[in-house]
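Asker: Dropping the structure in here first, questions after.
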């Protein structure tokens, strides 16, 4: 007898999902793009346990500490799932005192009991890709290289002109709060409130400061005059002219750091995407200097919470208003949020090691949010695998052998050369079925073997998806003695063409770029294709 079906719903836990097919292909490409940048900058990888001692994570995340997953007490050590990769890295440095300088990267899953919005990449289990520079160096040089790394990652992903690196300094923010009259005990709570300005209008943030945090209304109003300001070096110069700010010691340190940072960013050719934004606060307690956050279209909600009519009560399986487990993918008051964030944390290692301090600065990329945006931009261009060539047999009738041996041998040659290839597991496959399989996988090239062509030592190499009037729509004969070289050349040419096409498409959405520039990009793509 067959086993009885379970009496519970078979599903993944809320805020998690399975990954397969084209989603895995896209995610692996994102991983590779990011990893290549990390290695280019001298990064070496480490790995740490997925859970830490509870006391290691305690007191490091401010108001977000409530989102930590604590593991059940089973009579041993009290542990929690890691909330991020930064605190485990600081613990690693504290334990390995011989490691005083390191460029480390770490790609792994982290866990947060946040309200999920899976379609927007807001998960409870998600990947972070971290790059951190640890060690005592001259001021702001590592900080500037981190911003250069951010630029390289997003431009490598094809996001030119579509992202902004918001930049601020905890020293400037703390000095600003002191000048405005915020009591020392309220600086961190008020900082957490300001950090919500990317999700809430100023009126709501001010209300939280005054009604929930207990800040004097006139102090909140002073803060409100500053947190709307943004710019680059021009804003820095403007703030320096404010006598009250310029007299504050924390502000003076922040001004000096930011001045150096902009100088180094210009040398790195990395300032074009930066916005010095006084509304950026970063709610985590361990930041001590420069902080940054990367946003893009879709990061902010389409509707503010104060503008949205009363939330509709979910009718699904007992959903309750404000249910923290209910998925908010379709909630217009919730945006994707930041897609990367980080900053300088000079004292975190010392929290574990006592006297030994290892200054650090780093960035964390949110893979699931990057994936959600990238997937939406691809529309119907996703591939189910990374196969480059589908090897096919052409023929029919009773004398058709199916060329299974020949297809197998050709695939073996391509595999030996590192070229991704596949063929249909049929002795005598129909050509139509072979094309269907290639199209289903999004394979860019078909290598078609025919008995007459094989007798001449040739085969037909066809690029999939070309328009009907394209001169190479039916493919072209290649010499099998040069099979690997011919395939590699066409793959390289297609990769170059795709990059030019993506650049031309990107121009269309950047601040009203002139049609002539888009046309020029499209013409360049056509010329490369015809070459």
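Cβ coordinates come from backbone N, Cα and C, glycine included.
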Asker: Between 170-202, 203-235, 236-268, 302-334, I'd like to know which one TrEMBL lists as region 'Disordered'.
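Answerer: So the range that TrEMBL calls region 'Disordered' is 302-334.
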Asker: Identify, among the binding-site residues 86, 128, the residue whose Cβ has the fewest other Cβ atoms within 10 Å in this structure.
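Answerer: Across 86, 128, these binding-site residues, the one with fewest Cβ atoms within 10 Å is 128.
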Asker: Quick one: give me the count of other CB atoms within 10 A of the CB of residue 282 (L-histidine binding site).
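Answerer: The answer is 23.
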Asker: On the 0 to 100 scale, where does the mean pLDDT of the domain 'Aminoacyl-transfer RNA synthetases class-II family profile' (15-442) fall?
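Answerer: Reported value for the domain 'Aminoacyl-transfer RNA synthetases class-II family profile' (15-442) is a mean pLDDT of 87.
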